[in-house]
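Only one structure is covered here, and it is reproduced in the block below.
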């Protein structure tokens, strides 16, 4: 059985090779699983990092996002959050397309390999069984043939023995004939078993085993091909999100380029502009004269010096950045925080403007709700089966009370705003006006759109120099792009295509002061006209 030994050595090699291939697939699946865990942990840490450094709602950091450098950092956090999402997508795709798919395929390969090896073992057992039958028939034939020879020799010896009777001779010949017949039968059976074994051996070596080896080869090649596809898919999964990751990185770079240090300085100045007049020069007090002539001239409007403004603290050193002058919650309890009188003039105007905007929005909601309740009441009155109109009375009453309260607060804050705005027509904004439906008048210079930051509310620019009444010279011209009714105080109407003289350019609040040929002046929205300034 040299051929059999060699064959099963080859089978053992193939068995070990296929098992090694399946182990490699299993190792690769474990490798990808660990990689997905790393990606998931990385994405989780990125999200925790962005959450940690993201400003909380209503915090000081969120208010500072109006500065470009703060906003850029917030944009970077948003981009990193999107970047973390892409890492999570990589982990998810690897788990679904590689780990789960290869694990399922690995189980199928193991079952197929087991089936092929079982068929090979079954064919081997069948061949070994046939060989045992052949060996048994051969040994039987050998044994019976020896017995037949012995019987023939005994019959011949008996026939030559003179003392043997005829009956003994006849009996010995019959015994020899019977043994010879049995030996012939064993010979025929041996020949038949030999033919059967040779046929089955030929089937085993030339058909069955080559077919099993071919199937194992095909299985192993399919395994290799599937594993190669998994390798490629590993790279493709990363490559698919590269464009989006690239956009995230571009967004981070764009956030850096959008930082404008000059604009941040302007925003800071506009945000904290106090509106106080600068102190005038400290007058010279000549004590060598009996009468201080300078004191008689103080009625002409000479501004007081910083020591005089400090009152009781005139003997103390004047500090520009005095940490002790900071407002504390305890101090705020002793000042009028509702009217924001504790704030500098410019900041007070901005806070009052913001408060008016908030009250106007709330009032508009209450008016919309009142209108909806009125319509619902009409429906109930026309169709009683839908509901009782009387059930809406408490809500209607409550809404009316809320509207009345909000109107009172609105009038109160508008009066404070008019008081804080100064005197004359130099006030750049007017109090918020409500149309018949209680909505904001969008054409009012004092109105601010919902999507505008409250810190950019239109601020008052007024001139304390009332002696300057001469007409200012135009600094340019503008052509109206759209019709503007100019129905609010301080504004002027214009028609599309009308040419007006620019008296005062836009200072960042979205309004430009213009003049007609007849001398009428007022403010128009800067975006409603094309402006050309004189060189």
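Here the Cβ of each residue, glycine as well, is placed from N, Cα and C on the backbone.
The shown structure was predicted, so the numbers you read here are calculated from the model rather than taken from an experiment.
Taken from TrEMBL, the feature domain 'F-BAR' applies to 1-264.
According to TrEMBL, the coiled coil annotation covers 106-175.
As a whole-number mean, the pLDDT of the domain 'REM-1' (342-419) in this prediction is 87. What TrEMBL records for 342-419 is domain 'REM-1'.
For 428-446, the entry in TrEMBL reads compositional bias 'Polar residues'.
If you look up TrEMBL, you'll see 428-452 marked as region 'Disordered'.
Annotation source TrEMBL lists domain 'SH3' at 473-534.
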Residue distribution over DSSP helix, strand and coil in the domain 'SH3' (473-534): 3 helix, 29 strand, 30 coil
Secondary structure content, the domain 'REM-1' (342-419) (per DSSP, counts of residues): 72 helix, 0 strand, 6 coil
